[in-house]
Amino acid sequence: MVHFIFVTGGVVSSLGKGLTAASLAMLLQAKGFRVSVRKLDPYLNIDPGTMNPHEHGEVYVTDDGAETDLDLGHYERFTGVSACKFDSITTGAIYSKLLKDERLGNYAGVTVQVIPHVTNIIKDFILSNTKGVDFIICEIGGTVGDIEGLPFFEAIRQIGNQLKSENCLFIHLTLLPYVKTARELKIKPTQHSVKALRAIGISPNILVCRAERNISKGEIDKISLLCNIESEYVVPAIDQKNIYLVPIAYHNSGLDNKVLKFFNINIMPSKLDKWHDIINRLKDSNSKVRIAIIAKYHKLKDAYKSVIEALDHAGIYYKYKIDLVWINAENLTEENINKKLLDIDGILVPGGFGERATKGKIIAIKYARTNNIPFFGICFGMQLATIEIAQNLIGIKDAVTEEFKVDGTKIIEKINKNCEDSKITIENVKKTMRLGSYPCSLVAGTIAANAYKSLEINERHRHRYKFNNEFQNIFEKHGIVFSGFSKDEEIVEIIELPLLRWFVGVQFHPEFKSKPFEAHPLFIQFIKAAIEYNKCN
């Protein structure tokens with residue numbers, strides 16, 4: 001029988017529900033259990049694929065092409081289990097299905113309502129695709145009390161009644177704010193959060209309390225008394241310097257064992273060797289390397305969450321701290337770039353869409369190429385690298401991308417040439433996008449092949465434009481190596497400048513497949529080149 005665990009949050013958003021769910025999943029895995037983690041988001045968008053990063057942060061792409069919440073990235077990185085389209089749902093997707101079914105007459109003429117019709121769809125999502133797992137952990141987005149989240153809370157309340165405590169556990173994450181003038185953690189917000197949760201029929205079984213400092217036994221006992229939860233099931237969640245310290249912190253607080261005890265499951269020893277190795281490597285990371293990220297959303301780090309984590313994974317691999325320098329691409333010019341990129345050991349241009357800030361990114365790519373600084377271009381970053389090379393090395397001064405330039409030499413073109421711009425709407429945008437995992441063939445003896453130690457790989461994609469193959473010969477005459485292609489050889493996947501220290505651009509998103517215990521080979525090689533550059537300078 002599958003055991004269901006629901007992770008909810010209160011007091012404030014962004015408390016770390018995703019990290020809590022991912023950490024618990026990993027800890028249960030370490031005891032030999034098979035775990036699946038899912039995210040239920042209450043917003044009305046069908047998925048985050050067309051949402052502004054300022055609204056949502058990174059769009060995380062799964063192997064099967066689902067555009068999902070960045071929390072699924074945490075789930076994958078912590079557990080090593082690939083997520084899929086069945087691991088994420090939104091209110092928008094639920095209502096889309098409901099209204100389609102209503103128009104098809106599937107409700108047989110009854111009045112369609114939130115209860116039971118919306119809640120039934122939510123319950124079906126939670127209770128389906130359970131084969132081969134022991135635990136399903138469901139993170140409910142938002143906080144208790146949010147009006148848009150009520151159908152989700154009602155659905156999990158019903159599941160709780162249906163499955164009883166033998167197979168259903170509620171974990172509630174709250175904040176204990178520290179008031180410096182009073183020199184104490186305040187419990188009142190947690191009381192109100194638990195009260196609000198109980199008001200909709202859910203009594204938390206485990207209360208996880210986020211705080212910036214240690215929670216005393218007296219404070220835990222007080223929380224237990226006022227929230228009517230046994231003190232044993234009040235779990236501290238103290239701020240950590242690095243997110244990869246969180247799972248072991250939860251293990252040390254006994255969260256995994258408390259879950260097993262609640263379900264009356266025999267407590268087994270945990271195999272946490274690889275996580276202790278990560279912690280030791282983090283402790284031993286005394287040297288640092290400075291990486292500049294040339295970004296459009298330089299103030300919103302969550303827009304590049306997986307890139308940041310993938311860089312950290314490579315840092316863990318080499319026992320180096322990654323010192324990220326965020327550069328606003330919009331303000332980068334030929335005049336200030338020397339000052340902006342002073343003492344930088346590597347330059348990374350991440351993926352993105354749209355014309356804004358592209359000029360600064362191209363200037364940064366030229367700076368990396370002409371100064372032989374390790375460079376890594378991802379997706380749009382690779383496309384801009386080919387434009388920079390065309391303009392400044394080959395001499396095609398009017399080189400452009402078809403994404404936002406009609407006039408000029410189109411170095412970057414649409415994948416689907418039959419799709420007119422007027423047809424690219426929210427309704428059919430996915431039809432024009434190359435999404436999910438695709439195979440890629442590498443050329444032997446190249447930087448990419450040596451990094452992967454294989455000639456056949458699979459990587460995740462999210463793009464609708466590609467390199468124009470008509471220019472392959474002229475690029476090759478100027479020293480550019482095309483080292484990776486799609487299976488049909490229609491799409492250039494990787495470019496290299498082998499005469500430089502390390503200059504690589506990829507059409508895919510390698511950051512989505514990097515793990516703290518298995519850093520991605522391209523990020524490993526990029527950081528290796530940056531470390532060597534640092535030592536030489």
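Backbone N, Cα and C define each Cβ position, glycine as well.
What Swiss-Prot records for C379 is active site, nucleophile. Note on C379 (active site, nucleophile): other Cβ atoms within 10 Å of its Cβ, all shown chains, come to 23.
Long-range neighbours of H509 (active site) (same chain, six or more residues apart, CB within less than 8 Å of its CB): V61, S306, G351, I378, C379, E459, R460, H461, R462. Swiss-Prot lists H509 (among others) with the feature active site.
Secondary structure at E511 (active site), taken from DSSP and collapsed to helix, strand or coil, is helix. Cβ neighbours of E511 (active site) (same chain, under 8 Å, six or more residues apart in sequence): S306, V307, E309, A310, I378, H520, F523. The active site feature in Swiss-Prot is assigned to E511 (among others); the stated evidence is sequence analysis.
Cβ neighbour count for K222 (CTP binding site) (all protein chains, 10 Å cutoff from its Cβ): 17. DSSP assigns K222 (CTP binding site) to a helix in the three-state reduction. Summarising the annotation, Swiss-Prot assigns CTP binding site to S13, D146, I147, E148, K222.
Annotation comment: Swiss-Prot describes S13, K222 as UTP binding site.
Residues or ranges marked as ATP binding site in Swiss-Prot (evidence: sequence analysis): S14, L15, G16, K17, G18, L19, D71. A C-beta separation below 8 Å, combined with a sequence spacing of at least six in one chain, links L19 (ATP binding site) to H74, I243, V246.
Here Swiss-Prot flags D71, E139 as Mg(2+) binding site. According to its DSSP assignment, D71 (ATP binding site) is helical. Sequence-distant contacts of D71 (ATP binding site), defined by Cβ-Cβ distance under 8 angstroms and a gap of at least six in the same chain, are K17, G18, A21, A22, K39, Y60, E139.
Annotation source Swiss-Prot lists L-glutamine binding site at G352, F380, G381, M382, Q383, E403, R464, citing sequence analysis. DSSP assigns G381 (L-glutamine binding site) to a helical segment in the three-state reduction. For G381 (L-glutamine binding site), the count of additional Cβ atoms within 10 Å of its Cβ stands at 24 [all protein chains shown].
Annotated domain 'Glutamine amidotransferase type-1' per Swiss-Prot: 290-536, in sequence order, evidence recorded as sequence analysis.
The region 'Amidoligase domain' annotation in Swiss-Prot covers 1-265 and rests on sequence analysis.
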Of the binding-site residues listed as F380, Q383, R464, the one whose CA lies nearest the CA of S13 (CTP binding site): F380
Where G18 (ATP binding site) falls in three-state DSSP terms: helix
Between I147 (CTP binding site) and M382 (L-glutamine binding site), the C-alpha gap once rounded to whole angstrom: 43
DSSP state at I147 (CTP binding site), helix/strand/coil: helix
Length of the line joining the Cα atoms of E148 (CTP binding site) and Q383 (L-glutamine binding site), in Å: 40
